[in-house]
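Asker: One structure, as structure tokens, below. Some questions next.
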């Protein structure tokens, strides 16, 4: 019962689509005929064209031909099962989809060439206008300088060698211009406050408060000191590298000193009664502890006038 109603509703829409299709076909046909006439007359030179565009046009033309053949068979009531046009349409559609990334890469160059051929010049906002030119890197001598250099070459062999060296100018890059350090005292104080806040958030007091009021399971470590933790991570990385590369790495004197210093810092007992400064989190002014800002030792300079005592040889 519903089939005749569906067919009647499809007839009106099909007639409208066929009229629109006929109008579009007539417009495209007129445009193609005009373009073909210009090409045959030699107005447009197609000898040095892109083979990629030619292949793409041929594929689109074959796709439209098979599609129109398929529409004709479907309109005549023939069965489309096993139709050879369907397989060709699938094959051409697959090739066109594979060509899409290549088309996107060549789109900018093709548009630029077409625009240059039409207008005869590049646009002002073209990014290739701002590319570096190697010719600008070579120092261009004036005609007077060239004449003077030629006159100096004719005087003597020595002067000729000097002028030859002077004529081949080398590119000298410009020196960096010193920039004024315009950081204000307020910005410097803000950076110092942010640094103090980061130090306070990573302090042992805040870490213990988090562990006390947090619902997460307690994390137990062998060594909680940051120096020991960092040293253990470096040792583990060294062991993994040696085991994977089958190579034994040597330890320098500096690394040995750092290990001894880290073990000494972790074994000190003065940190039992030491609490980190968290005044930066409460709105106060953070101050540096003595441990954070140690006093530098002065280097002992050799006194003048003293001579090294030599050893007497005993006979």
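Positions of Cβ are set from backbone N, Cα and C atoms, glycine also.
Not measured: the values here are computed from a predicted model.
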Asker: Looking at the candidate ranges 112-134, 181-203, report the one that Swiss-Prot labels coiled coil.
Answerer: 181-203
Asker: Which residues, sitting 6 or more apart from residue 214 (phosphoserine) on the same chain, put a CB under 8 Å from its CB?
Answerer: none
Asker: Taking the Cβ of residue 204 (phosphoserine) as centre, how many other Cβ atoms lie within 10 Å?
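Answerer: Around residue 204 (phosphoserine), other Cβ atoms within 10 Å: 14.
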Asker: Which residue counts does DSSP give the compositional bias 'Basic and acidic residues' (232-241) for helix, strand and coil?
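Answerer: The compositional bias 'Basic and acidic residues' (232-241) comes out at 10 helix, 0 strand, 0 coil.
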Asker: Please work out the helix, strand and coil residue numbers for the compositional bias 'Basic and acidic residues' (180-190) from the DSSP assignment.
Answerer: 6 helix, 0 strand, 5 coil
Asker: What is the pLDDT of the coiled coil (7-41) when averaged and given as a whole number?
Answerer: 85
